[in-house]
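Visitor: Quick one: this structure, given as structure tokens, is what I'll be asking you about.
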Amino acid sequence: MWPLWLLASLLAPSQALPFEQKGFWDFTLDDGLPMLNDEEASGAETTSGVPDLDSLTPTFSAMCPFGCHCHLRVVQCSDLGLKSVPKEISPDTTLLDLQNNDISELRKDDFKGLQHLYALVLVNNKISKIHEKAFSPLRKLQKLYISKNHLVEIPPNLPSSLVELRIHDNRIRKVPKGVFSGLRNMNCIEMGGNPLENSGFEPGAFDGLKLNYLRISEAKLTGIPKDLPETLNELHLDHNKIQAIELEDLLRYSKLYRLGLGHNQIRMIENGSLSFLPTLRELHLDNNKLSRVPSGLPDLKLLQVVYLHTNNITKVGVNDFCPVGFGVKRAYYNGISLFNNPVPYWEVQPATFRCVTDRLAIQFGNYKK
């Protein structure tokens, strides 16, 4: 059972997620570039990403569901084998934790009266059915974590106040147009681990969203979706079946800082494809089937990290990473990984890495046939 102080940490503003997510409670950690906070991302002046200070004061309500722990407006009912949402939840509750139970359905009045709820955690239950008005009372809900359930569709009528949606590891195959309608404050969506194919995204499915962060990893994508929000700063499509990056695949995503395409089947990146990403800082192309370093890297003036390990790269040219001439690149590399490639490293010229901050930032070797 998680300590209440850790649960309460969910009330802090969202930060960027690490590329490698190691666990549910890693959501507030980051190993690199920060995402914009909720207010900056949404443009909404009334959404600060944190509850009012009044909500952090102790509550003296005697209401607490049997077996749960209630403190500082946090109600923790995890790991209790619950079959349904408990009753007698205090109306001033800010965070409700129901993870690791056996809840299979969210009914119309399950959250009635919880108008102050800020975060709802429903991870690792058996939810397969959600009433269309189940979330109607949650007018201040900003974080909904409903991953690792049995959902076959994205819940209807999500609260317009929602900033962060975690719905990965379900059974969702389709994202229909209008399902995110009215979610003007939405900042982050994690929907990996669902059997989503490219054809599962209806045209206009993401219309109106101004996301910073989107992750559709461990799905069944064979190409980069072309109709995602153009506001994205981070896009993670790792562990899919993407085979190539064609010229205009990234045309829409010029604001990306971080692009994750590791653990795919990419053999080809068409010349000029990366030129549409002028603000890119971090590029993950590890564990693919590339035979050479992608062209266009020297033109990405802000690029600092490139993961190319575990590919089929046999040669590294002197101008594959760095532009010709001094003063062209605005940010030097602090990480280039090339290990586990069949490169004769003794043939790589030292000048190849003239725009790298430190030789320790370059990772070579360890190739096995």
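From the backbone N, Cα and C atoms, a Cβ is placed for every residue, glycine too.
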Visitor: Disulfide-wise, see what TrEMBL says Cys77 is paired with, picking from Cys68, Cys70.
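Guide: In TrEMBL, Cys77 forms its disulfide bond with Cys68.
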Visitor: For the disulfide-bonded residues Cys64, Cys68, Cys70, Cys77, Cys322, which one has its C-beta crowded by the most other C-beta atoms within 10 angstroms?
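Guide: Answer returned by the neighbour count: Cys77.
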